[in-house]
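Some notes on the structure that comes next.
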Amino acid sequence: MLRFLVFATLVLYGHSTQDFPETNARVVGGTEAGRNSWPSQISLQYLSGGSWYHTCGGTLIRQNWVMTAAHCVDSPKTFRVVVGDHNLSQNDGTEQYVSVQKIVVHPYWNSNNVAAGYDIALLRLAQSVTLNSYVQLGVLPQEGAILANDSPCYITGWGRTKTNGQLAQTLQQAYLPSVDYAICSSSSYWGSTVKNTMVCAGGDGVHSGCQGDSGGPLHCLVNGKYSVHGVTSFVSKQGCNVSRKPTVFTRVSAYISWINKTIASN
């Protein structure tokens, strides 16, 4: 039986801003996604006491590789990946369950300094999954691609629908338009906490990520196609849907070379 557990908060201490990052992100202010409408979305789960616990999201980028956040996997656990899922509390008949064989965390990731960036990891699966209408590979952006301000994006994930709210059992989605680096790094937003290797989205005080489903994708519409521009990283310690504190993501386009080299060498 699948159980849920919200990870302990990882807080960046000693930073100059009062708005400390909280690296547990779930979808707030969203709606239930259409069944398997985001077929590259995965559920990352770990084993404890004979039960599997959903802990993070992620993106299937090869048939045997998943992209997620480094902070999701930087403590030793037995992990598995579930693809083709929609309702975590029941068997939809479309799921595939695969063990994680190897975890590659970015070498510069520092769990004590979330604002430094590099919150990205790749998971090699024990076997390749089967692609079908419920399971597809996420499309990654070109290396160095930068989103224009206010680009249409969606965050997806399982979990809390409001700060301190109940966990959602079905996949949620929320519209989060991108916020460019110049705005997001300004003093009235995130300031120096945000780096140019990150993507900001949302910040309207209504829709956001929130505790528990980091690692999942930010899907953005560019030239008529959705691609995964972000890996959910952190939100404000003040709350999930705080105005002018957009959800912050690892910018995937900053790590394309690292992704390709890691997969090729493993």
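Including glycine, each Cβ sits where the backbone N, Cα and C put it.
For Cys200, the partner cysteine in a disulfide bond according to Swiss-Prot, taken from Cys184, Cys210, is Cys184. The record in Swiss-Prot lists a disulphide bond between Cys220 and one of Cys72, Cys153, Cys240, namely Cys153. Feature annotation from Swiss-Prot across Asn149, Asn241 places N-linked glycosylation site at Asn241. When Cβ neighbours within 10 Å are tallied across all protein chains shown, the highest count among the recorded positions Asn87, Gln90, Ser214, Asn260 belongs to Ser214. Mean per-residue pLDDT, taken over the domain 'Peptidase S1' (27-264), amounts to 91. Secondary structure from DSSP puts Asp85 (Ca(2+) binding site) in coil. Within the group of recorded positions (Glu95, Asp119), the Cβ with the highest number of other Cβ atoms inside 10 Å belongs to Asp119.
Comparing the disulfide-bonded residues Cys72, Cys220 on other C-beta atoms within 10 angstroms of each C-beta gives the minimum for Cys220.
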